[in-house]
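Participant: Feature table excerpt (Swiss-Prot):
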- 5-227: domain 'Radical SAM core' (DOMAIN)
- R14, K61, T89, K151, R246, L247, R248: GTP binding site (BINDING)
- C21, C25, C28: [4Fe-4S] cluster 1 binding site (BINDING)
- Y27, G65, S113: S-adenosyl-L-methionine binding site (BINDING)
- C241, C244, C258: [4Fe-4S] cluster 2 binding site (BINDING)
Amino acid sequence: MLIDAYGRRISSLRISLTNRCNLKCIYCHNEGEEDSGSEITVEEVAQIARICARYGVDKIKFSGGEPLLRRDFDEILRALPPMRDVSVTTNGTLLAARAESLKESGLDRVNVSLDSMDRDRFTFITQCKGQFDKVLDGIDAALSVGLTPVKINMVYLKGINEDEVDRMIDYVRGKPLVLQIIELMNFHGAFKYHADVASLEQRIKEKADKAVCREMHRRTKYYLGGAEVEIVRPIDNSEFCMNCNRLRITSDYKLKPCLLKNDNLVSVRGLSDAEVEAVLIKTVGAREPFFKSETAKVCQPYKIYEP
């Protein structure tokens with residue numbers, strides 16, 4: 001296992017496969033990445049997954065950009081070592097045609113971005129015409145082949161889709177779908193669309209039949225008459241950092257210890273397995289919460305438990 005100096009065990013990888021996207025969403029921050037022009041290869045994904053698996057990492061999420069733009073995504077999935085959970089976050093526009101093959105290649109589930117059930121609003125948000133029905137078809141395809149639960153990511157946007165929450169809840173009700181209502185983060189001036197989710201969460205809480213708190217994010221899942229709903233707040237808090245168990249890999253094959261920082265990326269491109277392993281151990285050892293207090297630190301060196 002890999003455990004950093006703050007007692008956080010790394011059990012999950014988040015791998016960005018590309019910076020490219022076929023939509024132009026008005027709020028997109030591309031996970032803080034800059035275009036490098038050199039995408040991570042199948043062999044590189046397999047290498048980092050194989051090495052991390054030796055240390056107890058058993059969960060991988062792929063993201064982008066739009067990861068389904070990678071024509072070799074099926075090959076990437078087949079190159080992975082056994083994992084407890086393999087998922088992808090996608091805009092869904094290319095999912096219908098690929099859902100079955102992705103499932104057969106080892107994908108377990110999908111997150112699909114769907115910010116509006118209104119066609120015109122969807123077009124405004126994505127800045128692309130003719131994509132709305134493709135996303136709905138993609139969700140249906142994911143359900144039909146068992147890429148479940150399908151998580152529906154709805155970014156809550158001021159003056160745009162605030163009135164659609166009930167409609168979205170109705171959409172997921174009674175299906176293996178989970179609605180994630182996401183509070184907008186402040187990236188690249190998009191904060192003009194920010195809408196506070198506090199009052200919304202209180203309203204959902206009052207209607208809920210049951211509420212369950214998830215450990216990592218201290219995020220509550222609400223159950224409302226056959227619908228599952230989560231409120232996802234910006235991760236600018238020490239509680240999220242305290243429970244972070246993820247190591248991120250950029251689309252140009254760099255280790256990214258913290259989602260909110262880009263000044264400590266570590267390239268492992270062109271290295272042997274032994275060299276990558278050594279860099280991985282060192283990177284985890286230097287890993288720190290972005291939001292922290294001095295009293296939060298565990299007074300011991302990082303721990304490496306040999307596989």
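Glycine is treated like the rest: Cβ placed from N, Cα and C.
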Participant: Taking only the binding-site residues R14, T89, C244, L247, which one has a CA atom nearest to the CA atom of C21 ([4Fe-4S] cluster 1 binding site)?
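Facilitator: Out of the listed candidates, the nearest Cα belongs to T89.
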Participant: Provide the number of Cβ atoms within 10 Å of the Cβ of C21 ([4Fe-4S] cluster 1 binding site), excluding the reference atom itself.
Facilitator: 18
Participant: Near R248 (GTP binding site), meaning Cα within 10 Å, which of C25, Y27, S113, C241, C258 (binding-site residues)?
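Facilitator: Hits: C258.
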Participant: With every protein chain in view, how many other Cβ atoms are within 10 Å of the Cβ of C241 ([4Fe-4S] cluster 2 binding site)?
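Facilitator: Around C241 ([4Fe-4S] cluster 2 binding site), other Cβ atoms within 10 Å: 20.
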Participant: About how far apart, in whole Å, are the alpha carbons (Cα) of T89 (GTP binding site) and S113 (S-adenosyl-L-methionine binding site)?
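Facilitator: S113 (S-adenosyl-L-methionine binding site) has its Cα 8 Å from the Cα of T89 (GTP binding site).
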Participant: When you rank K61, K151, C244, R246 by Cα distance to C25 ([4Fe-4S] cluster 1 binding site), which of the binding-site residues ends up on top as the closest?
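Facilitator: Looking at Cα distances from C25 ([4Fe-4S] cluster 1 binding site), the smallest one goes to K151.
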Participant: Measuring Cα to Cα across Y27, G65, S113, which the record gives as the S-adenosyl-L-methionine binders, how far apart are the two most distant ones in Å?
Facilitator: 13
Participant: Whole-number Å distance between the CA of L247 (GTP binding site) and the CA of C241 ([4Fe-4S] cluster 2 binding site)?
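Facilitator: With distance taken Cα to Cα, C241 ([4Fe-4S] cluster 2 binding site) is 12 Å from L247 (GTP binding site).
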Participant: Where does C241 ([4Fe-4S] cluster 2 binding site) sit in DSSP terms: helix, strand, or coil?
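Facilitator: For C241 ([4Fe-4S] cluster 2 binding site) - judged by DSSP and reduced to three states - the answer is helix.
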Participant: Just checking: which of Y27, S113, C244, C258 have a Cα that is within 10 Å of the Cα of K151 (GTP binding site), counting only these binding-site residues?
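Facilitator: Within 10 Å Cα-Cα: S113.
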Participant: C-alpha of C28 ([4Fe-4S] cluster 1 binding site) to C-alpha of G65 (S-adenosyl-L-methionine binding site): distance in Å?
Facilitator: 9
Participant: Measuring Cα to Cα, how far is C244 ([4Fe-4S] cluster 2 binding site) from K61 (GTP binding site) in Å?
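Facilitator: One finds 14 Å between the Cα atoms of these residues.
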